[in-house]
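A short worksheet on the structure shown next.
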Amino acid sequence: MGDIARQAPEKDTGEDIYQYLLERITNLENRNLELREQFRQMESEKRYVETQKIRYERELRKLKSEIEQLRSPPLVIGTVTDVIDNSRVIVRSSAGPRFLVRTSQLIDPDLLKPGVRCTLNQQSLAIVDVLPTSYDAQIYGMELVESPEETYENIGGLEPQIEEIREAVELPLTKPQLFEKVGISPPKGVLLYGPPGTGKTLLARAVAHQTNAHFLRVVGSELVQKYIGEGARLVRELFDLAKQKAPSIIFIDEIDAIGAHRNDSTTSGDREVQRTLMQLLAEMDGFENRGDVKIVAATNRIDILDRALLRPGRFDRMIEIPLPDHQGRLAILKIHTLHMNLSEDVNLSEVSRLTEGKNGADLRAICMEAGMFAIRMERDSVNTDDFMKAIDKLALDFDRHHFHTTFGEMFA
Ligand SMILES: Nc1ncnc2c1ncn2[C@@H]1O[C@H](COP(=O)(O)OP(=O)(O)OP(=O)(O)O)[C@@H](O)[C@H]1O
């Protein structure tokens, strides 16, 4: 600035004035360049702030819709008993009482006939939807796979557990005569317990693959939360379907949601859970041991399970699925990097050492993230640096998730 503001020469010979103006022009040009550079930097900062803003807005929208979902009340199931006119029908709710309710204009009045099952809004009891009369696994969030693709080779570090489940589930399905000859009953149900993401679902799917059995998966919490008053009925239908599709493996994930230790509380939610559990126990008891339907359940909370579930003839085999140790992590990393193009510098044993305490699902995520870092750097092989960044990113995501969960709980 000082240069630009320099005083004009006192002696105004033509040469001096020319020199002075030349210098002034150069200074102004330099200053112009400086300002342009500053402008460019500010533009790029502005762009960065704008993208950050978009990211936060997106995150906000996601969180809002999550809150919305959590707040949306479950639906009540009912059966139409009488139709008054196009907008009013009498419905018997699954909890017992009958109501005169309104129907949404979106529902085709021709569908509303006595005997039809429908869902009702929990507060207004207005009819929200009509359920198909025939059994539809998808409605209830059941997953039915003809024969899953996972094999024992896709499971890392659980050799003793694989052996156990083969003996308890696979052998009775493939060689029932062995048990008959010896005169013992094979286990009816197997309970897999341990921390989340350690491969319990994977193990159950692999057994179904090995035995060419249908794989039917239900989630305990969904059985009792999605459609009030339907838990017991769903359990009954689940077993019917499994028998129909035999050989089959019923996989009940989060069994603790229906099989937690009972206490004396009598809220309607608790009664619903109890009815569902009683139905499950009844189904298991009335079940042919030597049949070709096997039940595998999984839980992260064996400590809260009702002992009734663990009695002989029910889940009489318990298999612990622990967090993987160093060798286990190495085996899992090998599985998830099998088809990846790894640079020579990658030492999976070192990656395993740096991921102590991580489960199989985390390790899979680390491998995928490492691959993403390589893609971002426009490389076609994954190197050690990518793995290090992926490990850091996972730790960061974990902290963020933890923060959101705690934050969410504060407002729950
Ligand atoms: N031992 C393992 N070997 C290979 N992959 C694994 C292993 N454990 C977990 N994974 C990976 O993590 C994913 C999630 O694991 P899975 O759903 O089987 O865990 P889970 O124990 O059933 O968890 P949850 O208790 O949360 O239901 C699997 O699909 C698989 O890709």
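Count begins at 1; order follows the chain as displayed.
Using N, Cα and C of the backbone, Cβ positions are placed for all residues, glycine too.
TrEMBL annotations:
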- Gly197, Thr198, Gly199, Lys200, Thr201, Leu202, His336: ATP binding site (BINDING)
- 18-73: coiled coil (COILED)
- 186-325: domain 'AAA+ ATPase' (DOMAIN)
According to DSSP, does Gly199 (ATP binding site) sit in a helix, a strand, or coil? coil
Smallest number of other CB atoms within 10 Å: among the binding-site residues Lys200, His336, that is His336
Using a 10 Å radius around its CB, how many other CB atoms surround Thr198 (ATP binding site)? 27
Determine the most Cβ-crowded residue among the binding-site residues Gly197, Gly199, Thr201, Leu202, using a 10 Å radius around each Cβ and all protein chains in the structure. Gly199
Could you give the number of helix, strand and coil residues in the domain 'AAA+ ATPase' (186-325) as assigned by DSSP? 60 helix, 34 strand, 46 coil
Report the mean pLDDT of the predicted model across the domain 'AAA+ ATPase' (186-325), rounded to a whole number. 85
Where the record says Gly197, Thr198, Gly199, Lys200, Thr201, Leu202, His336 bind ATP, what is the longest distance in Å from one Cα to another among those residues? 17
